[in-house]
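Okay, so here's the structure we're looking at.
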Amino acid sequence: LDWWHADRFCEQHFAQLLFEPQDSEQDSFSKLLQSHHIRGSVWLKERDGVLHKPKRRRGHTVPVLVFRDKTDTKYVKVLSDFPALPAVTACAHLQWDTRTQDIATIFSYAVPAFINEFQLRGFVDEEGFVRFALIVHGHHSPYLPVFRADGQWHHFCVTWQQENGTWAIYADGKRRASASGLCAAGPSAPQAIYGQGTFIIGQDQDSLGGTFRAKESFSGNITDLHIWQKVLGTEQIEKVRSCWVIEQDRVFAWSLNTLELESTVQTVTAQLLCPGPVEECRVLEIGSSGFSYASCLQTLPFICHYRKDAYWQLKRAQLESSHSLVSRVNTLAARTVIPDSVFTSDVQDMNLSLALSALDVLATVLREGEMSVLEPSDLLAVLQVLKQVSDMEVQEGDELEMLEQLGQYYMEVIELILEEQNIGTWSSVSQVIRGPMAVVELCDRMVSLLVPLLTAERTKITIQHGNIGLRRVTVKNMWFGYGALQRCLSGSAVSQDVAASAVGHKYVSTTVGTAVISSTLLGDHQEISTAVRYRLQHRAQWVVISMCFLWFCCVSPDAGGMWSTAGCSVVTSFRDSTACFCNHTTNFAILLQVYEMQTTTKEEFTLQTLTFIGCGVSFCALIVTFILFLVVRVPKSERTTVHKNLIFALAAGEALLMFSELAKSNQMLCFMVTAFLHLFFMAAFSWMLVEGLLLWSKVVAVNMSEDRRMKFYYVTGWGLPVLIVGVTLATSFDKYVADNHCWLNAQTNVIWAFVGPVLFILAVNTFVLLRVVVVTVSSARRRSKMLTPNSSLENQIGVQIWATAKPVLVLLPVLGLTWVCGILVHLSIIWAYVFIVLNSLQGLYIFLVYAIYNSEVRNAIQRRKDKKKA
């Protein structure tokens, strides 16, 4: 095979084209080849070039216009509306008829003002060179030699621009002639080439769109004519010659659909071999054990090289295979779609029709689900077919509907082989295919096949199946949903410096926490290295560190790779997403170093919904309770004063909590919300502490007047929170707010300005509650013996249970002891639900216990009713 097909063949068989042998290996290697009767040269892959994807020399199949003889009838009209052209470039492939030396018109463009508005003419001189002359606004350049009249295909481009009348003629990628001043003087100097004219191929127009003369007609073959409303540079012209399409500012693209052919003009389909950037490839001379270079288009023997561990894993997979998938696919297709062995050396030419039918059958067999788990050999066979399809060359005449359907089948097959039940199969062929990131590389190649689907009317293509999709625009994007790759990638290598960022925390694991995307920027269908900014949604929550990673592949997609942070940094990180900046493009994901509970999207949504609904209900209940205390004029006492302060602080904190998410985007607003959240929740807990102290004063005698006690309570309830918040802001102003939400920074010690006092208050109130329960139970026991001395044991136990439960139920919300559940949240998602339900409904509980069922409030309401009645 030629070098390109040899390299592709080896990769399709999970191997690599042979690398240059080391000096110590050359003699023994040559003897080995000679023993297998291999002589002459064999293809090699250069070691220093393996990291650079070689640009493949391609065959370009195009329709060709055939002008057999010089006549006054044969012409082709371009059906396109041309705009005014202050600058123009026209390029085409040309095969000149060497039988005549008369002047020939390759194309002519005429408008009513100038019949010879824009024209290219040529003839063969006595020395055997084809000479071209350019005409603009009737002004004629000199005839200059551009290429030999050898009957071969040649590529030419002509350019002209209004400024200075600069023009140039290129042939086979080189500038052959150039000058300035063509139509740059006289009254026509400021004029661009007029628009809305008539463009004729093969004839000189002596009147608008007609009056042709055989002597000036073109004889030969022409194809691949493209016209741009700008001057292309030398590099761009070389790209056009190499069959790369430059779409920007192109006003005419070669297609039979945009041409009107005179009935005697013939068309044929021809394949042009586009020149590639690499014309010579490395070879090993077996007899002399030396190295040299040969044309990459030669057909030479080649050798595919396997790593030992990969080879033996392939052999084992073949020996242990039941071949059930292979036989079912081949039977259903009525031909050999998948060979019995991955080592089969037959070279199969894949075209669009064969590829479509192969993937259709393959998707059908996989979709039926009779083979719930793929065997290793089956997975390798499917990947081999996908490799062959992605390496296929799409021809000009292929139907676009078939090409889009091929993309649909391709995505479906990939989705099916990435299902969860096949995780073990991927692991069993890990030496051959280093993980499912090889599939990402295959999809990247597949995207490039969709180029013909893009038109001026259809500028974007999206093909999706399940969790996997691809999009082809100027930027080539792919995405693999979280569920598609996450499990299979759980064991992927991560660069060594990742865990170092977890100082001060217990490291649990590193997982892929988002979808995986791949992005490639294309300029004229060639990859361009560029910086990129992207944002991905998290699929794992309760995370300490979000990091931006890229997947770097080794040598080939099968060789695997690793995640690395090189060239990437976190721009912004929120609880639900992270934005990254990378100085180049590749496959992206956000890996999350997880230290606490992970939640699914559904669980996270449920938790957020419960929080918002619970806080809303709680806030309303607290406001109603506070209004009741004010309006119904409950008798003033220490207890009602403490209740009102607690209710106010808690209501303010929950109102801020509900709307804190809206403040994330504004840094200043988020800082203020955080400070007030800290203050009001700290005040709420301080008043819970006051509730405990008040209760203690009722249970245990305290030698302090009521007036002094209330001053102490106000200092504790409001003074202490203001002091804590003030000191925290003064000492940790820059580290106060978290990066991803409006709350205290958990990455620093700032969080302890809230957690520390809360733990202390919960400890004090727990002790107070236990003391109250002991006093209440002993009091109930004494009362029971005095009032009902002969009651049964069951009745006494029931009285004591109620005596224990009543203070616990009544005092839990005001003492804040439901927050103890927060310590257990990391153990299970269940505790998260319990914590949110208990604390988000704390206000409703206070409303029921201290308003609806409070005798003082009910009596005050009754008094107002009686007074109104009287």
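Every residue gets a Cβ built from N, Cα and C, even glycine.
According to TrEMBL, the protein carries these features:
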DOMAIN    61-274  domain 'Pentraxin (PTX)'
DOMAIN    445-598  domain 'GAIN-B'
DOMAIN    607-854  domain 'G-protein coupled receptors family 2 profile 2'
TRANSMEM  610-634  transmembrane segment
TRANSMEM  646-663  transmembrane segment
TRANSMEM  675-700  transmembrane segment
TRANSMEM  712-730  transmembrane segment
TRANSMEM  750-777  transmembrane segment
TRANSMEM  808-825  transmembrane segment
TRANSMEM  831-853  transmembrane segment
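Within the same chain, the transmembrane segment (610-634) packs against the transmembrane segment (831-853): three or more Cβ pairs sit under 8 Å, each pair at least 6 residues apart.
In this model, the domain 'Pentraxin (PTX)' (61-274) carries an average pLDDT of 86.
Using the rule of three or more Cβ pairs under 8 Å, pairs at least 6 apart in sequence, the transmembrane segment (675-700) is not in contact with the transmembrane segment (831-853). Note on the transmembrane segment (712-730): residues 638, 641-642, 645-646, 649, 675, 678-680, 682-683, 686-687, 689-690, 693-694, 704, 736, 750, 753, 757 of its chain, located 6 or more positions outside it, place their CB under 8 angstroms from a CB of the stretch.
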